[in-house]
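Down below is the structure, laid out as structure tokens.
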Amino acid sequence: MRLYSTNGKSPEVSFEEAVFKGLPSDNGLFMPKEIKPLPNHFFEHIEELSFQEIAFEVTQSIIGDDIPSDDLQKIINEVLSFDAPVVNVHDNIHTLELFHGPTLAFKDFGARFMSRIMGYFLQEKAQKINILVATSGDTGSAVAQGFLGVPNINVTILYPKGKVSEIQEMQLTTNGQNIKALEIEGTFDDCQRMVKSAFLDEELSKKLGLSSANSINISRLIPQSFYYFYAYAQLKKQGKPVVFCVPSGNFGNLCGGLIAQKMGLPVHKFIAATNANDIVPTYLKEGKYEPKPSVQTISNAMDVGAPSNFARMQNLYEESLEAIREDIIGKSFTDEQTKEAIKRVFNQYGYILDPHGAVGYLAVEEYLKENPSEDVNTVFLETAHPCKFGDVVEPIIGQKIDIPQRLQEIVDREKQSTLMDANFESLKSYLLNENAEATDA
Ligand SMILES: *Cc1c(COP(=O)(O)O)cnc(C)c1O
């Protein structure tokens, strides 16, 4: 597999290089040079394949022979150790539940795949790396879980003290093994600044082999295409065209869908659903792309004012606004509408939406009103389990949400973290010290 930069000013790289570099040097984003359609017989029999079998075919088609079949099969089986069921909410509105992984959000797919891919390449070279991540909550926990126990990789997570939820803090600090948590006496921005300084520090890069687990890494994007195929497979026998609706922030999840479509998946339309951070819906409507500072909403994982995957979306459509508009419809909703949808869907249909999924539900509902003559199946992606947003959802539905067993277990574990002031020198001496111990042992 070869990858190019969307900015076109940095040389092509291999899959392995793209995974460890994260970003091309010209500040663009890596894209696969070739995305081939899968053969007809794959789609003719897709409903007979397991989730793992589908993902294996998709990955092999994208990455070619960069990873031998047996190893790739093992990676896929480890990554997809949980299901992604399509659940009917009512009538022709379905949801694709992407929260059955260890941290109860769809970012588990990307984080688990990236960790295994990195682990595979490092094992080939008998090399070790250190991953540094700053988190405001969810990305850090998915990364921690994804990399837990993966050989040759140590992960250090920086989170702002007192600024993540209790469950999130548990998810960050109770892992043990190769995952270390630093509780920073500062804000998320301080954490991010410290991580950035570390990447720029020559001594650290030389001694530690630092790498990021950035959300725009190509190895996080690829697995986000798997479940579109799998959802299609689950609905195929009904024989209706499928509309996918993706609650979006950085638009990585939607890009996974666009790649699936490029590989031949029959998709009638995509709906890009956002909260008040409506940069992409506005672009689709008015043709003007104007990033702005994000505003805070109750679907906070989508509070993004400059979507990092926008360049990939444009690139997939060769910068043609008309072509993008053919496939993607943009819609945005307020917090008030989101809360109303959570309440109504629970009261009428007994399904508990999380605030992100609720935005997706609203967009589907509006789409169906605007297109009454279409006989389609709609699928909105449920990107997180509602219990992760219990403080918002529970008062609206007037009852407690059960916490799944796999999350309940960590609540009983002991918190392990190192308190640190928001100072790069503290981080540097900590990292050098930790690493010295690791090599002496
Ligand atoms: C990250 C996230 C999103 C947004 O996904 P993008 O790929 O950034 O568009 C939506 N919902 C939840 C729960 C998330 O964690």
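For all residues, glycine too, the Cβ spot is worked out from N, Cα and C.
In TrEMBL this protein carries:
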DOMAIN    4-78  domain 'Threonine synthase N-terminal'
DOMAIN    97-379  domain 'Tryptophan synthase beta chain-like PALP'
MOD_RES   Lys107  N6-(pyridoxal phosphate)lysine
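Per DSSP, the domain 'Threonine synthase N-terminal' (4-78) is made up of 41 helix, 7 strand, 27 coil. As a whole-number mean, the pLDDT of the domain 'Tryptophan synthase beta chain-like PALP' (97-379) in this prediction is 94. Using a 10 Å radius centred on the Cβ of the residue listed as 'N6-(pyridoxal phosphate)lysine' and all shown protein chains, the other Cβ atoms total 27.
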